[in-house]
Amino acid sequence: MSFMDNLFNMADKKELKKFNKTVDIIDSLEPKFESMADSELKNMTNIFKERLANGESIDDILPEAFAVVREVSKRVLGLRHYRVQMIGGIVLHQGRIAEMKTGEGKTLVATAPVYLNALTGKGVHVVTVNDYLAKRDRDQMAKIYEFLGMSVGVIIHGQNPKVRKEQYDCDITYGTNNEYGFDYLKDNMVIHKEQRVQRGLNYAIVDEVDSILIDEARTPLIISGPGDKSTHLYSDANTFVLTLKPDDYELEEKDKAVSLTASGIQKAEVYFNVDNITDISHTELYHHINQALRAHVIMKKDVDYVAKDGEIVIVDEFTGRLMFGRRYSEGLHQAIEAKEGLKIQRESKTLATVTFQNYFRMYKKLSGMTGTAKTEEEEFKAIYKMDVFQVPTNKLMIREDLPDCVYKSEIGKFNAVAQEIIERHKVNQPILVGTVSIEKSELLSQILKKKGIKHEVLNAKHHDKEAEIIAQAGRLGAVTIATNMAGRGTDIVLGGNPDFLTKREMRRNGFKEEIVNRVDTPIEGIPVKGNEILFEAREEYEKLFEKFKQQTQEEQKQVVEAGGLAIIGTERHESRRIDNQLRGRAGRQGDPGSSRFYIGLDDDLMRLFGSDRISGIVDKIGLEEDMPIEHRILSKSIEGAQKKVEGKNFGIRKHVLQYDDVMNKQREIIYAERKRVLEGEDLQEQIQSMTHSIIEEAVTLYTQDKGFDEEGFKEHMYNLFLPKGSIEIPEIEKLNPVEITEKVYEIAMKIYTSKEEQVGYERMREVERVILLQAVDNHWIDHIDAMDQLRQGIGLRAVGQQDPVIAYKMEGFDMFDEMNKHIKEDTVRYLFNITIETPVERKAVVDVENLSSPSDGTLPTSKTVKKDEKVGRNDLCPCGSGKKYKNCCGR
């Protein structure tokens, strides 16, 4: 235990003592549960539930529940939770973040807190970054839960609402952050409560929590419908930008911002034949020019995006993966399409949106696990109220982290990287090289090809076999080049992964992909008849697995002798956490390994945020292209630059959250109103209250200093909802405002009661629900757009010495108030004027069930959009108005 003393500060050590006492209790229970028969062990779930029903808390039964899970895992998986894995489980149960190094078995760690919290019957969500991991983790860990009588579901792309509801109704559900978030939005667009699939947000464990809650924090999930704006301005702006020279615009690389200079503005005014392009009347044109500028000056092909099959596909800056189905917002995507000469797609209209920050903060309890979180603890505490506990490793970490090598230029740096690869390759040491972009990975690949080094390249262009390539990166002599953290979630096992090798061999032997994917899942209860091929494949799998297991164990010894996995970073990322993730691929479970970063002074981080002192040192030394430099000041400057960027990015995310919180509060109010309507609450009193309020406001409006404007008031009420000639009140001019309000309200209620008698009581209540839902949805969609436009222009308030956030809150509140007024007026107007000839049906503003999800992955600087709704521009609007969509909700 002495090495732990060096790893943890006093606070951590104090807490670790407490955790160890709890784990001692869990360990002491092991003999008791070991001696139980399977049936007795299975019955523990019923016993625990009974104890909870009798007043005990889940904290009370934690030691026993954890001990039960450990014993079941031994029996069904052959895996026994280490003490440190039990500590990790306790941290997760407490609603905190467990930082556990790569290879420490985070998937298994989650099983104990998942089971414990699932005993409440309120559901547990396990969140992963992609469908592959969600399904893999569900299939592997379901054996434990199902043994204990728990149902386990998985939410993946493409499932229909019926299947999704079944998965959410399980005790435990695995899925991706995107699928959970989009289902939440869709549940708040349905028009019957039975169409909702989620059953509440109780407890979530987020795997790779830093990726989801930090890297993707600013990513809004958006469900959208087709817009109505023309695309010609994108082409015009693109053609104009091609005429500009560098002096016509100013680039702020640090902030990734670009704007026209005075000469650029003058050229734009001449080109588009306008007097003052910055005038409010030319806002849209100026916006298109700015987006075209961004597309040409800031957005780089094969770094930020790729052009594939006639479309622009975003590249995730953190993983290097292609983000199919994702589009940049605010016209940037269209500007890039124009730049690349592709067909320009129309901008869409937002129907519903939420950020990951606000979605995950809705869970009653939230926890997470990752290999790298401590550097972002301040942000986790500030935004999510979660602290980070560094769980000790099961075995002592012996990886050698070598000092950075700094070179004057990129050419010198990459030549040095290639030379180190050659030297390590001579002894067959496996090497994983991390690059920051597709462009850089292909540059290094070309250098290695010229030097005759066989290697694998894993980037957004070659992502098909990502998991397999990463899993085999620990084989003898393997050289793998990967962009950033591609393959995250897949362990690199020294000597190779026998499971992947077995499945590859089976594919070569002619087994179909669907069969290969099922060979290692439970087959208990599956009849032999009709599944002969599966049983044959299972036998083949077990035979081949043993063969490859022996082979990889032999190879592992050779890899260890060669020094383990060598990690080479070709550039420092702007976040220390991303660098630590790359380092963390080596040295798992006490394996040997090494890591080193190579840095060029012209790397983005050094060029934009590095200290001027570095340039001074280099100039004094007279550094050659291929001469490395090591200096204490350099190391401090690099770390200082990273801290500077991390602080800046945290500030941006915090600032964005201030704005998003305004919209979030409004969303909560609207969704709560929808929920009330959906769940069948009698709206009669609310409709009466709305009617009274409208009349009262109108009376106030037409009662001024000169007295009551009777004619103006009547005309206003007839235009709103009352039949012409219905307001006949003797000597109305002698009544005070309160009396007028009550008299007109009596008239309105008689008319409404008469309509209700014609329609029938129950039917009228359903009509009220239908009308109110449609009014809420239609106005909410327009309000989202209006708030978005307000937010885009609010920054200018700073010029007038007004805090933009405060201005946004105040004006947003006024707009929300105005929206509620319109909802009220529309609801009452439609109800008083509706003629019911056919049975009333609830119709959604958009066909939620037919929305298709994009594939996994998101990008923080883009809006994540669900596309391919079935509502066309010229289709009848689904709200039931009888108008075309483009002239109604699609306006």
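Even glycines carry a Cβ here, placed using N, Cα and C.
For Gly105 (ATP binding site), the number of other Cβ atoms no farther than 10 Å from its own Cβ, over all displayed protein chains, is 19. The ATP binding site annotation in Swiss-Prot covers Gln85, Gly103, Glu104, Gly105, Lys106, Thr107, Asp491.
The Zn(2+) binding site annotation in Swiss-Prot covers Cys877, Cys879, Cys888, Cys889 and rests on sequence analysis.
A Cβ within 8 Å of the Cβ centre of Gln85, Gly103, Glu104, Gly105, Lys106, Thr107, Asp491, the residues given for ATP, is found for these other residues of the same chain: Met100, Thr102, Leu108, Val109. For the recorded site, Gln85 (ATP binding site), the DSSP three-state label reads helix. Between the candidate binding-site residues, Gln85, Thr107, the densest Cβ environment within 10 Å is the one around Gln85.
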